[in-house]
Amino acid sequence: MSAVTERPAPVVDPGDPRLRDRTTMRSFIALGILVALLAVLPFVLDEQSQTVAIRTLIFAIMAVGWNLMSGYGGMFSFGHAAFFGIGAYTSAYLLVEHDISPWIGMGAGAVLSAAAGTLIAFLCLRYRLAGAYFALATFAFAQVFLLAVQNIDALNRTEGFNVPILPEESWSMMQFDQGSPIYYWIPLGILTIGLAGTIWFVHSRTGQYVQAIRDDEVAAESLGIPVMRYRLITVALSCGFTSLAGAFYTQYYFFVGPEQAFGAAVSVNAIVPAVIGGIGTIWGPLVGALIVGPLSEWLTEVLRDPPPFLDFLQGLTGLDVAVYATLLILIVLFMPKGIYGTLRDRFRS
Amino acid sequence: MSDTVTGSQTRTEGRLRVPALPLGVTLAVVVALVGVYVFGQREAGLVTQSIATGLLLGGVYALVSVGLTLIFGVLGIVNFAQGAMLTLALYLVYTMTSSWGLPVYVATLIAIPVMYLFGVLVQTTLLNKLTLAGSHEGPMLITLGLSLLIANVLLMIYGGRPLKVGGSVDGSIHLFGAIASYERVIAFVGALLVALLLTVILRKTSFGMSIRAVSANAQGASLVGVDVSRIYGMTFGIGSACVAVAGGLMAPFLSLTPSVGEQFTILAFVIVVLGGLGSVGGAMVGGLVIGLVQTVGALYLPGTGSLILVFAVFVCVLFFRPQGIFGAKP
């Protein structure tokens, strides 16, 4: 369909099951080591850095979710805020209005999000929206959700939800002491599930079909692959997973409002790390998040207290986003496969 | 330009239906408005004022959308930076009026060529390679990055405090019981003139013919000696120049912040899809319809509620007639 989503080199040769198993195994082992390394970070980091790390993990979760649908599925979503927002609002609503544990709220949000995503994607695909039209439609749906939430009394309109703060730690209510490493391990756990899911998905029959459909829809259809069904499965996985980030977001920041949940900037936060790291690769979204998250934090830091030769930057707001926007443009121009994708190709050849 | 819709369309309409549809839409709008007067249970004066405001607002929307539709129709680029370019134009006008003391409309005349060059530069340096390769997502991501970049650079230079452009025409006119300020009427008339001028350029000049040739078939056009990448650059330039006109005409009644253009990006998409991507006339009609939907809808749905109506229209059009009112079959 385009230069960005078309990645001709298949991740594995599906013809050889032994090779497939070996690559899958290797990816899982890499994931295990990586997670073990990341899991000890809270013992090393100070509280400020841990906040950055948690935000980075939220970016990564969103990017991993987005990548499933847009990278592997080839259905470019500009409206992932819709699914992040459904996750955030469902868990917040259930907790605040009905006192239901955020763990259950998280699950409910994922189910609702997957259902909404499937319905939206079904409509878009049924009416054969592709490329730019598909992106615009998803964008519009996210905007509709934003406006709807702003106008529904039961969802507190523009005021959003404040999560009641409990006097003591509670596992069932997902509340811990400020700076507790558990706040870091929860998103890390979600991310691990997402990455493991992606590895499984990429190498599974479903995933292979989905990639075949992305690369050549007509050919896939003529081979008898039920195109719609496999696309919708991908969308459901992607949307359900993205909503977990939203649910955790509410829980961690104790607040969610329409803009934080459904704003266009949220969709951008899902897209940018994936593009910078590499669309349609397992590790790309993570690599992208690890760059974008700390980078914007570091820039904010520099602006707050600039070194002497950069004194003129003092107090300038906007530089952090400007820098990552520039990075986005440069990556799309010169490294269409993203940082991870480009490096991987270089090492292979 | 109505022969330039790209993207996926499923249905092929009979040739006769295309001219009938705009007429039908106009009739439907008129009937709906009469319905509001008769059964709407709102004061007639209030409705008249909403319609006047809606039409004037719609003209301004159309002005932003014309550039977007041209860029999409010819280059196939969904320009997410259209609103940010509008913001840029607004700040250009602001700087010229506040620092050099120029009148707003003179500043606009200067902003037009500046924005044209900016557009040409963006297209040739950032987008041409991907456009020529036929990529959709690449240019979309780049314009997204560009919109973030413009908004945040402006934030760095001017700060987030709302600014006001002064020194325009004061006063207002009364028509059928509705009040409209001169500034808004001038903006509306300017929008009409720009759309007319563009239509004439596209229809009558050889440059316009090259643009249409490239939008219909870039490869074919390049075979008969049209410099496709040059036409691409100029088209993006014209699309940006339209935004400069829009910025200049809107400056007197907008409060400037670095993110003021964002809302227009979203609305411009709606309008362009409604009117048919690539159709200048469609953008005008689409703009007016959306302006009316927003202001008349606001009589019943307070706050941002009326925008939901706008998006409902958008989604319906996208599904049932993705080529829009004026768009022809591919």
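Glycine too: its Cβ is placed from the backbone N, Cα and C atoms.
Taken from TrEMBL as is:
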- A:27-45: transmembrane segment (TRANSMEM)
- A:52-69: transmembrane segment (TRANSMEM)
- A:103-123: transmembrane segment (TRANSMEM)
- A:129-149: transmembrane segment (TRANSMEM)
- A:182-202: transmembrane segment (TRANSMEM)
- A:232-256: transmembrane segment (TRANSMEM)
- A:268-292: transmembrane segment (TRANSMEM)
- A:312-334: transmembrane segment (TRANSMEM)
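In summary, the transmembrane segment (A:27-45) does not lie against the transmembrane segment (A:312-334): fewer than three C-beta pairs, each 6 or more positions apart in sequence, are under 8 Å. For the transmembrane segment (A:268-292), same-chain residues at least 6 beyond its ends with a Cβ under 8 Å from one of its own Cβ atoms are 4-5, 7, 11, 27, 56-57, 59-60, 62-67, 70-72, 78, 80-81, 84, 191, 195, 198-199, 202, 242, 324, 327-328, 331-332, 337-342, 344. Long-range contacts of the transmembrane segment (A:312-334) within the same chain, counting only residues at least 6 positions beyond its ends with a Cβ under 8 Å from a Cβ of the stretch, are 4, 272, 275-276, 291-292, 295-296, 299-300, 302-303, 306. Scored by C-beta pairs under 8 angstroms, the transmembrane segment (A:52-69) has its highest count with A:232-256, from the stretches A:103-123, A:182-202, A:232-256. Under the criterion of 3 or more C-beta pairs below 8 Å, with sequence separation of 6 or more, the transmembrane segment (A:182-202) and the transmembrane segment (A:232-256) qualify as touching.
Sequence-distant neighbours of the transmembrane segment (A:232-256) (same chain, 6+ residues past either end, Cβ-Cβ under 8 Å): 54, 58, 61-62, 64-70, 72-73, 75, 77, 80, 82-92, 102, 105-106, 109-118, 121-122, 125, 160-163, 165, 174-175, 183, 186-187, 190, 194, 197, 201, 206, 210, 270.
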